[in-house]
Amino acid sequence: MSAEDTLLYLDGVSVSFDGFRALNSLSLLIEPGEMRAIIGPNGAGKTTMMDVITGKTRPDTGTILFEGKTDLTAMREAGIANLGIGRKFQRPTVFENHTVWDNLELALKAPRRPLKTLTYAVSRDDRVRIEEILDITRLSPKRERQAGSLSHGEKQWLEIGMLLAQDPKLLLVDEPVAGMTDAETEQTARLLKDIAGKHSVIVVEHDMVFVRELGVKVTVLHEGSVLAEGSLDAVSANQQVIDVYLGR
Amino acid sequence: MLTRFLLLGLDKKAGVLLAVLALLAVAVPVMALGTAPDSAWHLSTHTVALLGKYLCFALLALALDLVWGYVGILSLGHAAFFTLGGYAMGMYLMRQIGPRGVYGNPILPDFMVFLNWKELPWYWHGFDQFWFAAIMVVLVPGALAFAFGWFAFRSRVTGVYLSIITQALTFALMLAFFRNDMGFGGNNGLTDFKEILGFDIQAASTRVGLFVATVVALAIGYVLASSIVASKLGKVLVAVRDAESRVRFLGYETERYKLFAWTLSACMAGVAGALYVPQVGIINPSEFSPASSIEAVIWVAVGGRGTLAGAILGAVLVNFGKSYFTAALPELWLFALGGLFVLVTLFLPKGILGLAAQLRQRLPSRGAVAAKPADQKGV
């Protein structure tokens, strides 16, 4: 497949921190509309991969193209976000001093320049969209609550809701079910699968049950590069992957 | 659109504050000009100027609260913008003296004649016009803040490091303005003003006029700040304060937002300084001293950071305390100020207004609990 047909194209991306190679010539292709799970032991470079895609970290070498044409390595976080790449962090990061509604309003796709926000008024369409997201994430009864007072699981959902409000073409989701109960995990899997229809999603996750529930193509990272790729059953049977996970 | 924006800021708190300011704008002129000097209700010119000074400080505190309370930028150099605005006004007042100076030079201010200068430095031109000075009052602090913020925010300098640079900024300005060859009167600064807009600057009526102008400026500043923090831009500012990198990943260029609030705040501080100078009658480089900026931080902390009205309240209360203490127990004032800061930090982290809000929350919740036991039985 050529770079033009991909939504996200990483080729030979390397990053070092003080001599430690967090990413080692990583190559990865994501197709439009695809959902991909990324697994790998601690220190495999999963979070660093998200950092280089979203502009938080600059790669030392390598190419990162969005929609086959935009070079992300030269851009800053806000610019990349406005291209249509949204990110959910490992630890839920919401604006704790704002209400649930305001969190969604801030994330909602709208002009991002200061003077535009100064004179912004919630339009009827915006209101409908926020209501919709409140329903999807089941936060409707808590819309006026301060985000800081939500439970851990609710914060995770609010953050997913913020991603929906942003309406990105590609969502990067870092460990969405960490610290969730089984019921919440199941609901989150359903939520992500709903989203995957309209957007491309990359999910980083440790929880194998959750990854199985998603039922998508899996990429295994190890020491900053791709070790194996395929269905979860295929990669689980891969001898190299077993060795890495068992620490041999 | 503008009306809608300004209406955002007009909540209940704004109503109370504007009512108090309106009352001051009526009562002070009546008490100063409409009563006999021996009446118990009479306000002396000195008192009017003192009240005016408090309100100038309140405007400075308001400006500081906008950046500290809502964007999390702890500026330890806000007095720099205040003082620059003051100097711009002082230069206009110096040019108004004309031939009435000690040396009688129609163009050159006294200190320039004393230094044996032959002509006016280029940057003093235009200051004989009030409109020009008025523009400079806003433009000079604004431009400095813009340039400073542009570099600092783009390089992502935050927290303590940013505070230290702001402190260095005001200190550098102080050293520069102390130099005679800077052309701002050196050590002595600018003083001996005679007239403002053709009115005798010492006259009781002029003082009252300046006081009312300060009240108006404070009211406008409050409505502006309050509208901004109530708008979506204000929500972005608070989000930047609490989780800046998260805001970036939402696609907001946080540097621009910080720069907007920072520059606007500096302009407000400049206006405060410009109103301060004719009321106290002097501006000199000691206003740039780091301690002045730190005092402003204390006013905001005492009144309640991130409340706007609290900043105004804090500035007035602390300065009233200062006037009282420095007259009654001058050697104790600095201890009182230091102690106040420690006490507020320890016991009133949200300041006086924060305490008031807490008390208000506690009272109705007691009522709510009393009304609820019926529901709770089932649990």
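Every residue gets a Cβ built from N, Cα and C, even glycine.
Copied from TrEMBL, the annotated features are:
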TRANSMEM  B:48-68  transmembrane segment
TRANSMEM  B:75-94  transmembrane segment
TRANSMEM  B:130-153  transmembrane segment
TRANSMEM  B:160-178  transmembrane segment
TRANSMEM  B:210-238  transmembrane segment
TRANSMEM  B:259-277  transmembrane segment
TRANSMEM  B:297-320  transmembrane segment
TRANSMEM  B:332-357  transmembrane segment
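Looking at B:48-68, B:130-153, B:160-178, B:297-320, the range that has the most CB pairs within less than 8 A of the transmembrane segment (B:210-238) turns out to be B:48-68. Against the transmembrane segment (B:48-68), stretch B:297-320 shows more Cβ pairs under 8 Å than any other of B:75-94, B:130-153, B:259-277, B:297-320.
Long-range Cβ contacts of the transmembrane segment (B:297-320) within its own chain (Cβ-Cβ under 8 Å, at least 6 residues beyond either end) map to 13-14, 16-17, 53-55, 57-58, 60-62, 64-66, 68-70, 74-76, 218, 222, 225-226, 229, 337, 340-341, 344-345, 348, 350-355. If one looks beyond the transmembrane segment (B:75-94) by at least 6 residues along the same chain, the residues whose Cβ comes under 8 Å of a Cβ in the stretch are 60, 63-64, 67-68, 109, 124, 127-130, 132-133, 136-138, 140-141, 144-145, 163-170, 173, 177, 184, 189-190, 193-196, 201, 265-267, 269-278, 283, 285, 287-290, 292-294, 296-297.
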